[in-house]
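Trainee: Structure incoming, see below.
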Amino acid sequence: MKKLKLHGFNNLTKSLSFCIYDICYAKTAEERDGYIAYIDELYNANRLTEILSETCSIIGANILNIARQDYEPQGASVTILVSEEPVDPKLIDQTEHPGPLPETVVAHLDKSHICVHTYPESHPEGGLCTFRADIEVSTCGVISPLKALNYLIHQLESDIVTIDYRVRGFTRDVNGMKHFIDHEINSIQNFMSEDMKSLYDMVDVNVYQENIFHTKMLLKEFDLKHYMFHTKPEDLTETERQQITAALWKEMREIYYGRNISAV
């Protein structure tokens, strides 16, 4: 896309929001409580603050304020307000390609924020536990928050990921013409690295005329030991392993498709 000469500040708002899910099987009530305590500590407010602060570094934002909170019995949230970092617009890369993991990227932000909320969850029947992290990166300026996508997914356990990206508002060029988007985008997948794309099955649902983009990701490889908490698959019978595998796959597909699936 040809670079635009704008009248004043770039007023477009670009919002990236996504849910990241980690799935686990805990055989007993004690193991379920242990998993919730483990994941709650692993992603406490301090750790999340470190992740989001590094995200600010990746996209070149200045941190204005940090609000963080750990909740009882579980969960945490962090919100960071960020400000613009003046840069030469000629140095900003507007092309569609994966962001860094974290190499330096320059951004131009104003009235922007980055926030995360966590939701550990379990049920006494079935042994299934889930951890969900809701993340939103919203920026005003010339660069898309999609540049931070690779880093954030790699930092969190990601069996399933749902991503939404939207550009809102408009900005004017020097001739008074309104522009409702200032960069080319066909798919969120174009901002992911090849190694990440090779790990997931993905599907897009995009509304191009509204500048709304949606991608869902489901981990391809399934290794049962990755999903067991304090239990080894080899300590289970073959029937138990098959039942647990079926339950985990059903849980993952239901989250991925966003609907309950009847047992076969």
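Yeah, the Cβs are placed from backbone N, Cα and C, and that goes for glycine too.
For Ser112, the entry in Swiss-Prot reads pyruvic acid (Ser). As annotated by Swiss-Prot, active site, schiff-base intermediate with substrate applies to Ser112, with the evidence given as sequence analysis. The active site, proton acceptor annotation in Swiss-Prot covers His117. As annotated by Swiss-Prot, active site, proton donor applies to Cys140, with the evidence given as sequence analysis.
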Trainee: Other Cβ atoms within 10 Å is the metric here; tell me which of the recorded positions Ser112, His117 scores highest.
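Mentor: Of the recorded positions Ser112, His117, the most buried by Cβ count within 10 Å is Ser112.
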Trainee: To the nearest whole angstrom, what is the C-alpha distance linking Ser112 (pyruvic acid (Ser)) and the residue listed as 'active site, proton donor'?
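Mentor: Spelling it out, the Cα of Ser112 (pyruvic acid (Ser)) and the Cα of the residue listed as 'active site, proton donor' are 6 Å apart.
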Trainee: Run through the Cβ atoms and count how many others sit within 10 Å of the one on the residue listed as 'active site, proton donor'.
Mentor: 19
